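So that you can see what the record holds, here are the features copied from Swiss-Prot:
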- 1-21: signal peptide (SIGNAL)
- CYS31-CYS46: disulfide bond (DISULFID)
- ASN51: N-linked glycosylation site (CARBOHYD)
- 58-209: domain 'Cupin type-1' (DOMAIN)
- ASN69: N-linked glycosylation site (CARBOHYD)
- HIS108, HIS110, GLU115, HIS154: Mn(2+) binding site (BINDING)
Amino acid sequence: MDSRCFGFFFTLLSLNVIVLAYDPDTLQDLCVADRTSGIKVNGFTCKPESNITASDFFFAGIGKPAVVNNTVGSAVTGANVEKIAGLNTLGVSLARIDYAPGGLNPPHTHPRATEVIFVLEGELDVGFITTANKLFAKTVKKGEVFVFPRGLIHYQKNNDKAKPASVISAFNSQLPGTQSIAATLFTATPAIPDHVLTTTFQIGTKEIEKIKSKFAPKKV
């Protein structure tokens, strides 16, 4: 193949890969999610336009702080296609994260989206880790913005041990997905074999079981 033709082909292929790396583009003005449909597609099927209302594009759930009542000290309120049906095929979503004093949003990833946070209140230590195990960390304050690249492990921690904090997160996916590193490893169903975890973390079975017990549902 002529080198110029190969170069042109490679460029087209690269552009195609980039385009396919995010949520697919919409092919019509509206494709409001029909969450009752049993049909499985990459996203949701569209409800009939005659059934679409303004409410399909509205959500009031991130206007005020969430109640934080867990051991890590943070609560995430999603504003994605599961809450706003009109986001289907649009490739964007939001979330609000509220932190108790000293609260942490533990290390996690979003496999389908880059995240941008805007600090509403407080001061947070934030950071992400590259595949080369390099940490990029920063302290961000009210009115400031920080970016977490798609798929990389990241975290946020409220610096203030006396006051709460909150951020708004924006994603370039209607449903970015979240995998908490610790919970994923220690609460998977079926469970990851203990010998995998003991070898990975270089600790004994008793320590593994102790960690798992921390994530077990609390008995009422």
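Cβ atoms are placed via backbone N, Cα and C, with glycine included.
Distance noted between the C-alpha atoms of HIS110 (Mn(2+) binding site) and ASN69 (N-linked glycosylation site) is 23 Å. The residues near the Mn(2+) site, meaning same-chain residues not in HIS108, HIS110, GLU115, HIS154 whose C-beta sits within 8 angstroms of the mean position of the site's C-beta atoms, are THR109, PHE128, PHE148, LEU152, ILE153, PRO176, THR178, in sequence order. Recorded residues GLU115 (Mn(2+) binding site) and ASN69 (N-linked glycosylation site) have their alpha carbons 24 Å apart, per Cα-Cα distance.
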